[in-house]
Every structure is written in structure tokens, then in C-alpha cells.
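The structure under discussion appears below in the form of C-alpha cells.
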Amino acid sequence: MQAIVCVAILLLVFDVAMACQPMRIHYQSTYCGSDVAAIVLVTSEVPQGRSSTDLVYHATIIDVFKGDQLTAGLNVTVKTPGLGNSCGPRILRKGVIYLIMGGLGEKNTIHTRVFNGALQISDINTEETFRRRMALYKSVGCSCDVKSVPAWSWPSRRNPSKECEPRHESHWEDGACQRQNGQCTWTTNVLPTPLTLI
């Protein structure tokens, strides 16, 4: 009986220790840390690819914002965090369009490792916002980072020569962090119009 109680306590402690503690990672940080940023249409899930570490999908690229080796119309494999992820699996749906940001592996495989590496595009306004934001990140470059803040952390000081402090819960409202006069500051630039993205 004591062994059962000990196992139950260990499982409870393990469950609490593995609980989801999301980092609030700004979309610009995800973009800059990725090899690829592209809009894709998920065409199918690969059932044999489902594991504790990955879920695997086939997709077709609609547009590419980052990753010169990829082009529109190319079929790719997308891997998202699997069933063993402490924040849960990142499940994509067939026939749905996503903005995918992640690392590029062999055979055109895109690996998303953070939760905002696969963002669903639900309507034309969302798609236009994503397109404008990707163009802005590309235009300001990646010499500055946006400070990531764990949900459970105490406030800490930032290094203004390397990073910007996030300003809003909605990362789309923050603009972009860029270097000006040796310091990282938020842009006051107007987002590029969709015409500049073509």
C-alpha cells in the first residue's frame, strides 16, 4: 500500500513539474530565430508520424517570407510539438491555412518548436496582418531581440543595446524592435502596405 501511495505522489510531483510554463515569446523573436517563415495549406496528417515528440503533416507552401530555398507551390513536411509537450500537442487541421515559422531540416521539413510557430489564418484580415508583420520584421532585420518573459518570472532588467521590452499582451500591437543609434527601440514606422509585399 505504501508503494502505491509513493508512486501516486511521484506521479503528482512529476505532473506538476512538467506543467506548461509558457514563455511569452514575441513573434519577431520567433521570426528571427527561424530558418523559414511561410504561409502553408495543410493537406494531410501523417498518422505514422505521430509521437510524443512530434506531429507530422504534409503541406503546400502558398507564400514565403523567409527561407530562400522554399518557393510557392512546393510540398513540404511540417512537424509540430507532439503529445509529450508540456503545453500539449500543436495540432494542425487538414484544409486550414497557417503561418509557419521554424527550423528547416532535410527533405523540406519545417520544425516548429515554440507554440507560436504555427498560427492559424482564419480570414483575409488575419492573413494581411501576418503578411504586413513579416514584411516589417524583414525590413528592420534581426539585430535586436524582444525580451522573452516566462509567465512565472519576476521582472528583470533588459539590455537596451540588445533587446526591447515587450509592451502589450498582443504581440501584433508592439510594432518591431530595431536598432537606432546603438540602442534597441520600438519602431514608430507605419506597417508596409500590402502592395509592398508583392
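Numbers here mean position along the shown chain, with the first residue as 1.
The backbone N, Cα and C atoms fix where each Cβ goes, glycine too.
Per TrEMBL, the features are:
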- Cys20: Zn(2+) binding site (BINDING)
- Cys20-Cys87: disulfide bond (DISULFID)
- Cys32-Cys142: disulfide bond (DISULFID)
- 16-142: domain 'NTR' (DOMAIN)
- 1-19: signal peptide (SIGNAL)
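Cβ neighbour counts within 10 Å, taken over all protein chains shown, single out Cys32 as the most crowded of the disulfide-bonded residues Cys32, Cys142.
Counting every protein chain shown, the number of other Cβ atoms lying within 10 Å of the Cβ of Cys87 (disulfide bond) is 14.
Taking only the Cα positions, the spacing between Cys87 (disulfide bond) and Cys32 (disulfide bond) is 22 angstrom. According to DSSP, Cys32 (disulfide bond) sits within a helical segment.
Mapped onto three states, the DSSP output places Cys142 (disulfide bond) in coil.
Annotation note: Cys87 (disulfide bond) sits in a coil segment as assigned by DSSP.
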